[in-house]
Structures are given as structure tokens and as C-alpha cells.
């Protein structure tokens, strides 16, 4: 190794070398041979001195860089110089070109781009490589043409994909509003609006599917509506709407065909296949969304570091607008607060008495909440069971709104009661509080929906009504509409009144915080009703799409006016996964069970709907499979139905595979958590070791200083003991010189 002084001398000499000082015998017939040798020096330096923190490594790299610059300037300024043997340079250039020719276009461009050369040299190198490739045989040219064609196709695909993603990002709904919400209220409140937007996109897709394959074909069958529109139909869903495409009973059971040459369109198969395909797409969409969010928020190791590096050391310098800069600063400060709050909460440890008190409080809250939920379910069952008799005794059209009104009152009041339990339970982390409230509310709402489904499938469907499917569709429409009205009233009036009470009367209350659990469960409850009611009311996804669009703006305005940011900041990166999981189970799985019972066990109405006259809804599939089994060209469809769709073993194996994959992902997550914890402990131990070594070094330095000080004092003492005689001689000589000088100046004296 060279010493620091030697390195500095070499570097100074190299930097002072003028660019024109080059041996005259250096021909540069090919500009690439010399540069390739220089690049070899670079590679060697970078490999030999890979530690960028080493001072000597930096100096050597700077030395090689200065050599590169001087050589490159020489190449440009003296292209006609005479020097080393031309054949050697040609061999080097041929080797370089020969190494680039076999590469694909993508790899070759990447290799040329990584060369430490100017853009002009890279272009010249690319031209030479292309020229050499053009001289090869026709067969190789044809193969290269095919490869270039494939590369151009893949390049066009990548560009179109990137352009499409940029376009989708640009036209994404409420992007700026989300940034404002995230900057002011944090990711916890933002997770609710993300979930709302996800459900809106979901319902847009659902409406497109049902509208394309069920509603549009029915429009081609002219049927006159003889009922009169009064306006009350918007609230009751009955009357004029009963004989429209809004409900099941209006659809025909015949095959739609226009002209003798037109293709037949079986409405029975279209109705049941569209419903089945819609549910299958929903199933896989929920699974995919859950898996993606689970991978991003649970499995990736970077989430356990909380993104501290990104928060502290990264800044988007493309942001130039003052408002955007302030919003970005607010987002970063909110995220830092959330991370610091989580770290502080993780370090909080309770005593044994505090833990015992918390356990008792949680147990009492669970007992009370479960009792309240059971009481609400009993009340809903009693109301539903006596609803038919109540409607027979009251001919008023508004009487049908009694059951939806009472159910909506229960759904509005009970979650607020659950939210008061936080005053007693006092959870350590806000995330755990939200999870517990979500579980209690989902238990309440799914239980209510289960009781209503029992009422519809066992009382309404068996009552012998003229078109019980349409009656169920109307009931679901009224429930959905009443829930929307109560949500609007609560946001516009209830939250506003709470703000006035908190700000003016008892000032200690202040502004309220946004209740994530209650608002999320309202969305899940409404979406569950939409999934159940789509079979009986195909336009429900469109109605839900409009309600979600309105609710976003209402909730956003109410949030900005009536709420304050959370008092305890916390990250909600994993909340979206939990929301989708609750939407999948028990919501979507319960919907599948309800529709399976409807299609396989219940008898359709005899006078309305596309399945009129059949013993069960599923018999339309059975008759279609029997028809296909008589045609030799469609036997593969019959085999798929008998061995896959109609096989219990297939679904059992599929469920088993899904559970195994879920278990594996869970184990991967736990393993990575353990690894992250061990790495954190290792970093802490290494820090302690460094502190220990620094303390030892400081002690050794102190001891060395003390030893040096003591030796110096001893030497000084010895000098002081031997110095008096020399001092006297020095003083005597000085007096003698003084006397002589005085005598010379005054000879008389």
C-alpha cells in the first residue's frame, strides 16, 4: 500500500499533467481501443477500492478519473497522432465490437450505455456495431430481423403499459383530495376513503357487467308499463318501478332473437351465468386484492423499518409549486409523527395490576357488547316476523318503510354505544381499538343481515306471493336507501351538532375524531346488501355507485369542518388488508351461502321472472347441459361441468390449496418478523460493542497522557536541579560584557 504522502504526490502530478502532453508515438486510428484500456483502469480501480468511505480509495479513484479525462482530451485533440502499433488497436476494437454483436439489442444498448465514454463515442460505437452486423449472412439477418421485430413489439408494449399507468394515475379519482386528507389527518383516516374508492370501482365494474348482459337484452323486448309514476317510488321501490328492468320479475323467460338469421339469446342462461360470472370475478378480485395488500403490508421487509429512510433522506425535487411543497411537507411530518408514536407505544409496559384492570375492563365490554348485539338481533327478528301482518293491516304505501327505518336506527345507535366503551377500556394503541370496534360492529351487522335473509328465504319466499323475488328486491332497495339517508343525516346534522356542542358549550370536549370503524362498517353493510340484492334487483350496483359517489363528498366536507386529526398518530398501512378481509369473510362468504340456497333450494315464482315454470333455479343449467351432451362438439363443456364445476372434490382441493398458501404466507411473515427483530438486536449489540471499545480507547488515551505528563515533569525537575550553576556563569558573563561596553562609551570613567 502507498502512504498518504506518496498518494498525494502522485495525484498532484497527475492532475498537473497537461492534456496535450502525450507521447508522439501514440496513434489513435480507432478511438475505442485507448478508451477501452482506460475503462479497464476504471474497472480495476473500482474493484480494488470498493469501499467509498476509504480516503485512499477516493484518492485513487480521483486519480484514475483525472487520467481518464486527460486521455480522452488527448484522443479528441490529436486524432492523427502516431504511436503504438495499429494492429494492436484494431484487435482491441474488433474484440470490443465482437463482444457486442452477439448480444440482444436491449443488452447491447445497456452495455454501451454503461461504458465510461461521451455520447458521441457511444453513438460511433453503436454505428460500428450495426455496420458489422449488417455484413453478416442473410440467414442471420433474417433471425436478427425477427429478434428486432420482437424487441420492437416488447418495447412498444412496455411504452404503452407505462403510458397507460401514467394515464390511470392522472385520471385517478380524487388524487389531490387524498393528498390533502393524508397530510392533515394521517393514513388512518385516509384508509377509509381509499376503501370507499375501491368499492366505487368495484361497483362500476359490476354495473357494466349486469347492464351489458342482462339489462340491454331485456330492453330489446318491448313490454309496456301500465303503472303510473307518483314519485313515492324513489322511497318505497314499489309501484312504477315494479314493472321495469330494475327488478327480477320484469325479465322474460323466452329466447331473444331478432329476425330469422339473428343469434338466439337465452335469458335464463344469461341471467344465471352473468350472476355466477359476476360473483366469481368478485371472489378472485377480493382474493387478489387481499394477497397484494398482504404482500405489500405484511411480507415485504421494508415495512418493518417504517420507511424512516424514505421519510428523512428522500425528497421529490420535481415538486416546485408552493402549495404542493407545503402539502408534501405536511405529509412527511404526519408520517414521522405516526412512526414516532408507534415507537413510543411499543416501549410502553404496564404493571401487573394495570394489566389485570385492563383485562377485566375488556371482558366486561365484550359481555355488554355481545348482549346488546343479541338484543338487537332478537328485536329485528321480531319485527321481521310481524312485518307481514303489519303490512296487511296498514294499506298506507309508506308502511313498508317501518322495518328498514328501525333496522337503520339500530345500525346507527349501536356502533355509537360501542364507541363509548373506549372510555373504559383505554387501549394502548389506536390500531387495536379500531380492530376491536370493527369486530364488534361486523358481528352486529352481519347478524342482522343473516336474520333478514332467514326472513326473506323462509317466510317471504314460502308465503305464496305472486312474485316473491321482486318483493325481496324491494326490501333490499329500501334497506339500502334508508341506510344512505341515515348516513347523510348523521354526516350533515349529527356531526355538525356535535361540533357546535364541543366548541361552544363544554369547551373541554373540543372537536371529535373520525370514527373509522363505524364508517367502514357502514360501507361493508351496504356492499353486502348490494351483493345479495343483485340477483333480485340487477340495478343495485348502479344505485350503490351513485350513493358512494355522493358519500365521498359529504364525508370529505364533514371531515374538514367537524373533525380534528387523531390525538394519537398511528400508521394504517395494514388497515386496507383488514377491511378487504372483513369484506371477504364473513360478508362475501355469507352472500355466497345465501345465493346458493336460493338457486339450489328455492322454487321460482310461477308467473314472473326468467325462471318461471322451473322447479329450481339450477334446473336451467341442468337442461342446458343435457342439450349439450347430445352434441358431439360440446362434450368438453359437459366434462368440465361434471368434473370441475359440479364436483365437490374439486372445490375441496381448491379450498385446501388456498388454505395452504395462506398458511405459507403467514409463516413467511412470522419468519421475517423474527429475522427483523434479530437484526435489530444485532445492530443494538454492535452499537454497544462500539461504545465499549470507544470507552476503552478513551481510557487508554487518558492513561497515555498521564504517563507522558509524569515523565515530562520528572525531566523538568532534573533540569531545574542541574541549572543553577549555569545560570550563575551566564549572569557573570553578562555583567562582564556590560562593564566593557560602559567603559568603551565613557573612557574617563
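Quick reminder: no glycine exception, Cβ is built from N, Cα and C everywhere.
Looking at 306-323, 324-341, 396-413, the stretch flagged in TrEMBL as transmembrane segment turns out to be 396-413. Within the listed segments 528-554, 609-635, 690-716, 717-743, TrEMBL records transmembrane segment for the stretch 528-554. Taking Cβ pairs closer than 8 Å, the transmembrane segment (198-219) reaches residues 173, 245, 250-252, 256, 265, 267, 270-271, 273-274, 277-278, 281-282, 285, 289, 523, 527, 530, 534, 538-539, 541-542, 544-545, 548-549, 552, 576, 580 in its own chain, all 6 or more past its ends.
The stretch in 269-288, 359-384, 645-666 that contributes the largest number of Cβ pairs under 8 Å to the transmembrane segment (574-597) is 269-288. In terms of DSSP helix, strand and coil, the domain 'TMC' (467-573) has 78 helix, 4 strand, 25 coil. Counted over residue pairs separated by six or more positions, the transmembrane segment (269-288) shares at least 3 Cβ pairs under 8 angstroms with the transmembrane segment (528-554), which defines the two as touching.
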